[in-house]
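Notes for the one structure printed next.
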């Protein structure tokens with residue numbers, strides 16, 4: 001994935017920086033940082049192709065591995081945007097619950113599937129505006145700003161639901177979760193399309209450049225005329241909207257909105273996916289494909305270990321170790 | 001924090017609100033509870049159970065306060081509490097002291113790993129402790145076989161949860177002593193000065209020759225150890241520790257620290273404020289229970305988290321106003 005885009009003014013590519021200083025170890029570390037998640041993906045894929053029965057079937061690959069990875073991957077795309085501004089979004093799991101509950105309730109109220117989806121996404125985007133305002137207008141640290149909705153957001157969703165499962169049945173509404181386009185499960189389609197859009201935005205649009213400039217050095221960006229506040233706000237709104245969309249995907253799959261559990265702990269999975277892609281939390285860098293690979297590789301790693309009879313608990317430990325290794329590679333290449 | 005601007009401290013209302021706002025809110029809520037719910041609220045039983053519940057959160061938040069004051073963060077505390085609690089419950093047959101010490105030791109070990117990765121290798125605290133969150137949770141689940149670890153009922157382990165002195169649970173006395181020690185350490189020892197200097201301006205602290213790395217390792221070890229102790233307290237209180245216990249404690253603790261007036265940017269903090277923050281956030285739940293007990297209006301317990309979030313929002317906005325005013329040239 002040689003597409004880690006970084007702010008040219010603020011940082012050189014770690015590889016060329018390492019090459020310039022002539023440290024061979026650092027060059028290798030930079031490569032490992034860039035391609036590490038990809039290499040791990042290839043290795044896991046090769047291993048499974050040989051060792052796991054029925055792994056190389058369309059059904060396993062699309063319906064199991066990719067479909068399971070898709071929710072985290074889509075949330076991680078938004079997270080990567082926020083992290084590129086130098087922020088973080090802890091509220092995504094709660095926003096998923098809110099959007100899911102709003103979607104389910106408005107659907108049951110009879111507004112129709114399209115309006116229900118639109119209202120749910122609107123509610124999610126409003127959460128993003130709340131987060132973004134605290135960060136941009138009031139200068140609140142992103143961790144604290146998004147912690148507020150992390151805590152209160154789930155309570156809001158639970159108040160909406162009354163603590164009960166909100167069940168429904170509507171094929172059009174559930175298309176986001178259960179539908180297929182040319183045989184490909186909808187969550188996977190969404191993941192690929194959204195990643196492509198984001199990749200294009202980051203690489204070829206003015207927003208992408210101002211985003212990286214904002215995260216790389218906000219003061220310099222502001223002085224050179226970048227509307228830092230607006231750029232940051234868009235990132236938080238996009239992150240919340242993507243989380244809302246995933247909330248709809250999740251409740252579409254289960255035919256019920258469970259405000260207590262939808263999106264629980266997903267913020268950490270998404271952050272882990274971004275971290276494994278080799279993107280530092282300090283901002284100014286984003287790797288769209290890397291984030292996608294990060295989410296898929298963490299899922300595949302878990303599934304592989306569990307398929308080999310490793311207890312789920314131990315698989316979790318391995319994920320933690322992989323994150324630390326990714327951090328070490330980042331550090332060596334600096 | 002901002003550059004040191006020396007303004008003669010005037011007892012402005014705003015300053016008092018920021019420094020003592022949580023305390024004022026706590027006093028107001030306690031008086032409100034006592035007046036509205038009368039004797040039931042003020043019974044020894046209610047106070048005891050409230051403080052016993054608070055003790056474990058307070059321990060976690062105390063460690064978090066020191067970590068945050070150095071400019072770091074510790075997401076692993078909830079998992080470490082579960083790990084410590086599971087270990088303590090499983091070793092409870094050996095007696096109270098060995099079980100407690102084992103929980104402290106396990107917590108200290110995770111804290112040491114956090115501290116070394118952050119201080120020695122310069123890795124981002126947020127991600128390091130996210131990784132150890134996963135590892136500690138995995139170990140807890142593995143040890144407890146993904147279920148609850150039940151304490152040996154014949155041992156004296158659970159007695160600890162029942163002891164009280166002057167109507168206050170022993171676990172909370174320990175908390176009070178530790179917070180007093182923490183405040184003393186912060187304000188009257190070299191360690192406290194190093195913590196604040198590290199969080200205030202790490203480069204400057206290094207240039208002055210202060211032991212920045214050692215200070216960082218120390219605060220993470222402290223945080224881990226206290227989280228382990230919180231897990232053991234949980235085990236002693238309830239008789240068993242679910243391997244999934246403690247989820248989200250890290251963020252509750254961060255909220256309590258922020259409500260208590262400690263800035264997340266490091267360099268400024270109040271140990272006592274954290275204790276007030278913990279008591280305040282927990283009291284909200286207690287008041288909702290009592291209000292429902294009156295049976296006049298039904299308040300869903302889900303309001304609890306909404307109100308907590310609103311408190312956090314109010315405190316954060318207040319802090320923003322005050323720090324901006326202070327940063328502005330006068």
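Using the three backbone atoms N, Cα and C, a Cβ is placed for every residue, glycine included.
A TrEMBL annotation is a machine prediction, not a hand-curated record.
According to TrEMBL, the transmembrane segment annotation covers A:32-50 (among others).
Annotated transmembrane segment per TrEMBL: A:70-92 (among others), in sequence order.
The annotation transmembrane segment is assigned in TrEMBL to A:104-126 (among others).
Annotated transmembrane segment per TrEMBL: A:138-157 (among others), in sequence order. Through the fold, the transmembrane segment (A:138-157) approaches residues 82, 86-91, 93-95, 97-98, 100-101, 127, 130-131, 259-260, 262, 267 of its own chain, all at least 6 residues removed from its boundaries and within a Cβ separation under 8 Å.
Counting same-chain residues at least six beyond the ends of the transmembrane segment (A:178-202), those with a Cβ under 8 angstroms from any Cβ of the stretch are 3, 5, 58, 62-63, 66-67, 69-71, 73-74, 77, 80-81, 171, 208, 211-212, 242, 245, 249, 252-253, 286, 288-289, 291-292. Here TrEMBL flags A:178-202 (among others) as transmembrane segment.
The transmembrane segment annotation in TrEMBL covers A:233-256 (among others).
The transmembrane segment annotation in TrEMBL covers A:268-301 (among others).
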Remote residues contacting the transmembrane segment (A:104-126) - C-beta distance under 8 A, at least 6 residues beyond either end: 95, 98, 160-161, 166, 168, 170, 172-173, 175-176, 237, 240-241, 243-245, 247-248, 251, 256-257
Beyond the flanks of the transmembrane segment (A:268-301) by 6 or more, those residues with Cβ under 8 Å of it: 1, 3-7, 10-11, 33-34, 36-38, 40-41, 44-45, 48, 65-66, 68-69, 72-73, 75-81, 83-88, 92, 191, 195, 198-199, 202, 211-217, 315, 318-319, 322-323, 326-327, 329-330
